[in-house]
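Undergrad: For reference, the structure I am asking about is given below.
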Amino acid sequence: VADVGKIDLNCEKNNTAHNTNDISVNRLIVRRGQSFLVTFELHDPSRPTTDLLELTVETGPQPSEALGTRSVFGLPERCGKGSSWKVKVHQGSVLPAGSITLDITSPADAPVGEYSLSVKTSATASVGSSLGKLLLLFNPWCQEDWVHLPEEEERQEYVMREQGLVYKGSNKYISSMAWNFGQFEDDIVDICLKLLDVNPKCLSDPAKDFSARCNPIYVSRVVSAMINANDDGGVLMGRWDGQYHGGMSPTHWNGSVEVLRRWLKYGGNPVKYGQCWVFAAVMCTVLRCLGIPCRVVTNFQSAHDTDKNLTIDDFFSDYGVRPKQSPDSVWNYHVWVEAWMTRPDFSAGSLYDGWQAVDPTPQEKSTGVYCCGPAPVKAILQGHVDLKHDVPFVFAEVNADRVTWMVFADGSKKKISTDSVSVGQNISTKAVGSDKRVDITANYKHAEGTEKERDVYNQAVKRVNIPEENSNGIHDDKPGVSMKIVELTKPISGKDIDLELVLNSNDSVTRTLVINVNVQAMRYNGIPSSQIQTELKEQKLLPNQGRVKMFQSLSISRPTMFN
């Protein structure tokens, strides 16, 4: 026989107090480290309400007190001694005789997810009476939670706001697109929890996985892996070759809700197709829904360093063509997210707390899985590339040196130039409370051209044990001729671009140059595409002659130029 009668989980009141009423007012959704109220009536109204009350909360398929996924607690206080869940009788309610309202508080480091809640009202009862289910989320409003965000305005932007902007384009021509994150839409919270439940770590060891969900570092890393479908049945399949048959072009999407619902509807089969901004925006939805403050970040001139040497090696043949097999690349832009949390896993106190770079786009494997982060942004700024997770990779994205090599027919190569400033430009995110763009480049690196920036870079190279010369080849300290291409007209689809090649002689001899001008289309992720134009030119340069201009008109009417 049940010990309790009518039960009221006070969903609307609790959810409003916990900033979850936008998700639902018909089910109990609360945040950890913050109290909530549960009212029920006792079947024996004559017994004192302060007699034994033993509550049990459980989450996951194998709940365990040792793992923090089961807790027994109650009244009097000695009941469930040692439990981190707490309860007291709520005195502020006027209730009929025999009814009681309990004020229950979860620990600020409890695993997030769905819990069952039950109560025993006598020491002799063999089983408790169910009080119902509750969802427990991270709590940026709670000072003891790892994801605590001090400013209310920022909590409203990075947790509660359902619409935002994603920046795209190039560092010279930045554009924005509106995105509906929709983290509080119907069923999205359930889809987010489903995403955690089907991740490979959970499938292989559910008890350990459910316990680890107390940790936003762990959860954000799992979500990073599960947004892409490369190795774990995740949400989105990426495609960059322009062939989108059997799915939608990445430019089709303008919100996360349709993507997540499609993934659930089709049994966890990946949604086709996504590129970096789609991966990042969908991840932002999931983290905000779970209660982890999150924002979408765009890095222009973003490096993809495949060999972890903190340089991007560009190889060109001696007739100017860039081979497709070059392993490194520089993307016009790349989009990831930042998640806000403390980093108690480091021994340096609070040095690395705050924004963490997390990237769900499948670029390189991390511990055998396509995921990236969380990498502390403060560690990236200081060049502390010996830290987890994936700090060297993100450091290279924003601050790699770009080295140009000429490859000769016999396979030998010659180092032509080193560019230490172009990678990592105009790192952008939406402003708090407005649609303005905020440049956060200074969070990731010191100003280009400064001694401090070079100092940090050189220290980073030492930390990853890279020899001073990153690749084998002949090196010219100072080339006899320097060249620069200057854009005279803004690129517009279907219209010609006027370019200017500016030559400068750094030599004491007269040179006759044979210049091979080769133009290739390039996708936004730095992968060479079709060849557009090639032309051979000859130019005489006098000793130390400065600024010789050569004019070039380039037709870009083909749409492949903009893939």
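Quick reminder: no glycine exception, Cβ is built from N, Cα and C everywhere.
Per TrEMBL, active site is recorded for Cys276, His334, Asp359. For Asn399, Asp401, Glu448, Glu453, the entry in TrEMBL reads Ca(2+) binding site. The domain 'Transglutaminase-like' annotation in TrEMBL covers 268-362.
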Undergrad: Nearest to Glu453 (Ca(2+) binding site) in three-dimensional space, by Cα, is which of the active-site residues Cys276, His334, Asp359?
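TA: Nearest listed residue in space: His334.
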Undergrad: Apart from Asn399, Asp401, Glu448, Glu453, which residues in this chain have a Cβ no more than 8 Å from the mean position of the Cβ atoms of those residues at the Ca(2+) site?
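TA: So the additional residues around the site are Ala400, Ser420, Val421, Val423, Gly424, Lys445, Arg454, Tyr457.
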Undergrad: Spatially speaking, which of the active-site residues Cys276, His334, Asp359 is closest to Asn399 (Ca(2+) binding site)? Use C-alpha to C-alpha, please.
TA: His334
Undergrad: Tell me, how many other CB atoms lie within 10 A of the CB of Cys276 (active site), whichever protein chain they belong to?
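TA: A 10 Å sphere around the Cβ of Cys276 (active site) contains 27 other Cβ atoms.
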Undergrad: Per DSSP, to which secondary structure element type does Glu448 (Ca(2+) binding site) belong, with helix, strand and coil as the options?
TA: coil
Undergrad: Within 10 Å of each Cβ, count the other Cβ atoms and name the one among the binding-site residues Asp401, Glu453 with the highest count.
TA: Asp401
Undergrad: What does the DSSP secondary structure composition of the domain 'Transglutaminase-like' (268-362) look like, as residue counts for helix, strand and coil?
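TA: DSSP composition of the domain 'Transglutaminase-like' (268-362): 15 helix, 40 strand, 40 coil.
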Undergrad: Filter the recorded positions Cys276, Asp401, Glu448 down to those whose C-alpha lies within 10 angstroms of the C-alpha of Asp359 (active site); answer none if the list is empty.
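TA: The recorded positions close to Asp359 (active site) (Cα within 10 Å), listed in sequence order, are Cys276.
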Undergrad: Once near-sequence residues are set aside, which residues in the chain of Glu448 (Ca(2+) binding site), 6 or more away, have Cβ atoms under 8 Å from its Cβ?
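TA: Correct list: Ser420, Val421.
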Undergrad: With every protein chain in view, how many other Cβ atoms are within 10 Å of the Cβ of Asp359 (active site)?
TA: 31
Undergrad: From the Cα of His334 (active site) across to the Cα of Asp401 (Ca(2+) binding site), what is the distance in angstrom?
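TA: If we compare the Cα positions of Asp401 (Ca(2+) binding site) and His334 (active site), the gap is 17 Å.
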Undergrad: Tell me, how many other CB atoms lie within 10 A of the CB of His334 (active site), whichever protein chain they belong to?
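TA: A 10 Å sphere around the Cβ of His334 (active site) contains 26 other Cβ atoms.
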Undergrad: Asn399 (Ca(2+) binding site) has how many other Cβ neighbours within 10 Å of its own Cβ?
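TA: A count of 25.
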Undergrad: Can you tell me the CA-to-CA distance separating His334 (active site) and Cys276 (active site), as a whole number of Å?
TA: 6
